[in-house]
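**Q** The following feature annotations were taken from TrEMBL:
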type: TRANSMEM; residues: 20-45; note: transmembrane segment
type: TRANSMEM; residues: 203-222; note: transmembrane segment
type: TRANSMEM; residues: 228-253; note: transmembrane segment
type: TRANSMEM; residues: 274-294; note: transmembrane segment
type: TRANSMEM; residues: 300-320; note: transmembrane segment
type: TRANSMEM; residues: 327-348; note: transmembrane segment
type: TRANSMEM; residues: 368-401; note: transmembrane segment
type: TRANSMEM; residues: 523-544; note: transmembrane segment
type: TRANSMEM; residues: 550-572; note: transmembrane segment
Amino acid sequence: KSSKREWKPLEDHSCTDVPWLLLFILFCIGMGFICGFSIATGAAARLLSGYDSYGNICGQKNVKVEGIVNSGLDLTHKKYVFFLDPCNIDLVHQKIKSIALCVSACPRKELKTLADIQKFAETNGSTLCSYELQPSEYTTDPRATKLCPKYPVPESAPIPFFHRCAPVNISCYAKFAEALITFVSDSSVLHRLISGVMTSKEIIMGLCLLSLVLSMILMVIIRYISRVLVWILTILVILGSLGGTGVLWWLYAKQRISAGALETQIAKDNIQALLIYAIAATVFTVILFLIMLIMRKRVALTIALFHVAGKVFIHLPLLVFQPFWTFFVLILFWTYWIAVLLFLGTTGSPVPNEEGFVEFRMAGPLKYMWWYHVVGLIWISEFILACQQMTVAGAVVTYYFTREKRNLPFTPILASVNRLVCYHLGTVAKGSFIITLVKIPRMILMYIHTQLKGKENACARCMIKACICCLWCLEKCLTYLNQNAYTATAINSTNFCTSAKDAFVILVENALRVAAINTVGDFMLFLGKVLIVCSTGLAGIMLLNYQRDYTIWVLPLIIVCLFAFLVAHCFLSIYEMVVDVLFLCFAIDTKYNDGSPGREFYMDKVLMEFVENSRKSMKEAGRGGGAEGRELKPM
């Protein structure tokens, strides 16, 4: 075997999966080309400055479009887009079905008649009717009913940065918010909910900060309460299974006694059903006890790993801030992606539509650019998340395989980021691409499934749902394997496929331990999330109860609890990631080292105690001996 396949951690670093890095760079260049193309074709100007129904961009001179009247106008002094009927919304095509014009100013008060519109034009110099009508003709020309806005013209204001006149009162968008209007049919309820949020905004911000602090504290102290949580879980499971089984047998016996000589068919069916339920519950309880008996030593490993993970966060405090920078980078990318998507919506050549107005459409292969853009959303988002996983894995691997903790780098997180950028971006690109290959078909099937709702073909919908479920399970399995592959890459600097294979072999050899960590450990973290949400919610109830400025504070409490859950999920997901990395390191350590001179363990004293106790138990059971009985000496 080569030295790299012998798991010699942190001994050398080499570039991995370079072709995939080059492919990812080329893909990003393609994303940049789409952005540049949309800007070069005037899409950015049309999006930001707005354009009318004749293809003129507001606030500048325009070029004549063949076959379109009112195109090619000089609209330098008309910088805002005004819709003659802004409340006429096409829900199918998600656009406003109204003539759009460029105007000098938005009407800042309601205009109820054509005379008011004429007066507004004469006073402010902003003509709200079509370009071929002069203000003096608004009340005399019969064409004004079609070429002037539908009145009453609602009060409107320009949208910042986008130069569109939007109604101040959004009630005309009731169709667009039909679900909300149906839920709160009484508008006064909606007003009280909104006023409750606005009045208690300081409390909401304070409670959100409290959930953040509680999450950070829990990550440090969870190692001290992990044993308690496991025992609570074990006791609840035992009591629940025994209690449920006992109640079923008691009901069965009671039914048999009460039935007596008067046995009806219904009574017989009930007794038979209770007997089946009681037997099934008994079998389930026996199987559950056997599983817990087999897994009890693996549960001890889960507790030990949680204890060591707490130490990792003490030595590597910057790990706590990983969710922040990942979220920040994702927000930046999503903002860019949405901006380019909006550019693509206004990209293309001006084409007359059926009504004689201008639409911008792309022809040929360019009209499929948005597919490329959607793939970019998934791949680059997964790439950013994978970078976080590789960073955490590299930092924890450095901590685990450094014998003297005082010799750790000054900032292991930054050292891990440096190794990621210098050596392993290709591996991250390949791993994220594999997740993308699974996500795209699942999203397509989900779209098809939504389109089939209400259709007669129930069998097709059921098959699609089954395929979606299978792809979701495959995605979760690949995500878990990818994370362990990144850990293997951080240890040995091997490429993605080699790392995934080596990590998979280690995981299969420790299947029962993996099951224990992913069941007991995940439930412990779930209890932590519940603890944070309940604590924040309780504090919210106590604080909001003293507010007398509003009548409804349900919505503020829901906002606070949702934010608390999201914060707890982000932080405890990092904790779960650290535990998974520690487990793979521990499995490799116990496989290739035995505590003898020259093959000393790297593990922490807590894990050492677990291994020592396990070997003592095996020796007492007659299954250990020789090298199994050596005294373990941590370095």
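Every residue, even glycine, has its Cβ placed from backbone N, Cα and C.
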**Q** To the transmembrane segment (368-401), which of 20-45, 203-222, 274-294, 300-320 is linked by the most Cβ pairs under 8 Å?
**A** 20-45
**Q** Would the transmembrane segment (327-348) count as touching the transmembrane segment (20-45), i.e. at least 3 C-beta pairs under 8 angstroms with sequence separation of 6+?
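**A** They are in contact.
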**Q** Need a quick answer: max count of Cβ pairs under 8 Å to the transmembrane segment (274-294), which of 203-222, 228-253, 327-348, 523-544 is it?
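**A** Checked against 203-222, 228-253, 327-348, 523-544; highest Cβ contact count belongs to 228-253.
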**Q** Is the transmembrane segment (327-348) packed against any residues at least 6 beyond its ends, judged by a Cβ distance under 8 Å, and which are they?
**A** 31, 34-35, 37-39, 41, 43-44, 46-47, 51, 360-363, 366-367, 369-370, 373, 376-377, 380-381, 384-385, 570
**Q** Six or more residues out from either end of the transmembrane segment (523-544), which same-chain residues have a Cβ under 8 Å from its Cβ atoms?
**A** 200, 203, 206-207, 210-211, 214-215, 218, 222, 226, 229-230, 232-233, 302, 306, 553, 556-557, 560-561, 564-565, 567-569, 572, 575-576
**Q** Apart from its near flanks, which chain residues at least 6 from the ends of the transmembrane segment (203-222) lie with a Cβ under 8 angstroms of it?
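**A** Distant Cβ neighbours of the transmembrane segment (203-222) are 197, 306, 309-310, 313-314, 320, 524, 528, 531-533, 535-536, 539-540, 543-544, 547, 556, 559-560, 563-564, 567-568, 570-572, 574-575.
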